[in-house]
Amino acid sequence: MSNPRILIVGPPGAGKGTQSANLAEAYGVEHITTGDALRANKDMDISDMDTEYDTPREYMEAGDLVPDAVVNAIVDEALSQADGFVLDGYPRNLEQAEELEGMTALDVILSLDVSREELVDRLTGRRVCDDCGTNYHVEFNQPEEDGVCDECGGDLIQRDDDNEESVRNRLDVFDDNTAPVIDHYGDHDGFVAIDGEQTPDEVWSEIQDAVDAHTA
C-alpha cells in the first residue's frame, strides 16, 4: 500500500509529533494535526452548526474550546483532501473516535506507551525556542550553547504549561478523555502498541516495522 492511513495516539510528551513527521516523510503522506487543521480553516463558515460563533477563528481568539462538531467537520475536510495521512491529536474522546469511523478507514493505529513519571520528566524539562519553535530538553536534547537555539539563535524558554503542576493536570485530562480512545481501538486489526520509552531511533524502527507489516 503506497499511501497508508495512519493514526498515532499517546499522551502529551510521548513523541507523537516527532514520529508523525518521520512517517510523513518516509511514506509520502500528509501529517494532519488538529491544531494545523483548525488554523488552516479558521475562517470556515460554521454559522449553520448552531454554534456560539460563526468561525473557528472567533473561538480561538476568545480562548474558548472549539466544539466537537466544528473540529469533526474540519478534520473530515482535511482527510478528504489527503492521499494517505498520519493523523496526530485527534480523536481526543470517544465521541470523536466514533465520528472518525464515519470519515475514513484506518490501516494502522500506533499507540505510544510511556509511563507517567517519564512523561513528567520529559515535559517539565522541555525548552522551546521563543522565535522558531524548535524543541530542546535540559537532559537529552541540549543546545550547543545553553539557553540559545541552534537553529536561529533565539532564546529558549519553558512554556507556561510545562511546569509540573500543569503537566500533571494535562496528563489527568488525557487519562480521563483520551485514554479510553486507545482502549476503543485495542481490537482493531491494525492496532500496535509501541514502547515509547526507547530512544527515538528505536521507536522509529519499531514503527516502521509495524506500518510495513500492516500495509504490505
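Here the Cβ of each residue, glycine as well, is placed from N, Cα and C on the backbone.
Feature annotations, reproduced from Swiss-Prot:
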BINDING   Gly13, Ala14, Gly15, Lys16, Gly17, Thr18, Arg126, Gln198  ATP binding site
BINDING   Thr34, Arg39, Asp64, Leu65, Val66, Gly89, Tyr90, Pro91, Arg92, Gln96, Arg159, Arg170  AMP binding site
BINDING   Cys129, Cys132, Cys149, Cys152  Zn(2+) binding site
REGION    33-66  region 'NMP'
REGION    125-162  region 'LID'
Arg126, Arg159 as binding-site residues, winner by CB count within 10 A: Arg126
Rounded distance in angstrom between the Cα atoms of Arg159 (AMP binding site) and Gln198 (ATP binding site): 25
Positions on the same chain near the region 'LID' (125-162), where near means CB under 8 A and six or more residues out: 13, 170
Ala14 (ATP binding site) and Cys129 (Zn(2+) binding site), Cα-Cα, nearest whole angstrom: 20
Euclidean distance between Cα atoms of Cys149 (Zn(2+) binding site) and Arg126 (ATP binding site), Å: 13
Arg92 (AMP binding site) in three-state DSSP notation: coil
Residues of the region 'NMP' (33-66) by DSSP state, where helix covers H, G and I: 17 helix, 1 strand, 16 coil
Rounded mean pLDDT for the residues that make up the region 'LID' (125-162): 93
Residues of the region 'LID' (125-162) by DSSP state, where helix covers H, G and I: 3 helix, 13 strand, 22 coil
Pairwise Cα distance maximum in Å, AMP-binding residues per record: Thr34, Arg39, Asp64, Leu65, Val66, Gly89, Tyr90, Pro91, Arg92, Gln96, Arg159, Arg170: 28
Proximal residue to Cys152 (Zn(2+) binding site) among binding-site residues Gly13, Lys16, Gly17, Tyr90 (C-alpha distance): Gly17
Cβ contacts of Cys132 (Zn(2+) binding site) (under 8 Å, same chain, 6 or more positions away): Cys149, Glu151, Cys152, Gly154
Extra residues within 8 Å (Cβ to Cβ centroid of Cys129, Cys132, Cys149, Cys152), Zn(2+): Asp130, Asp131, Gly133, Thr134, Asp150, Glu151, Gly153, Gly154
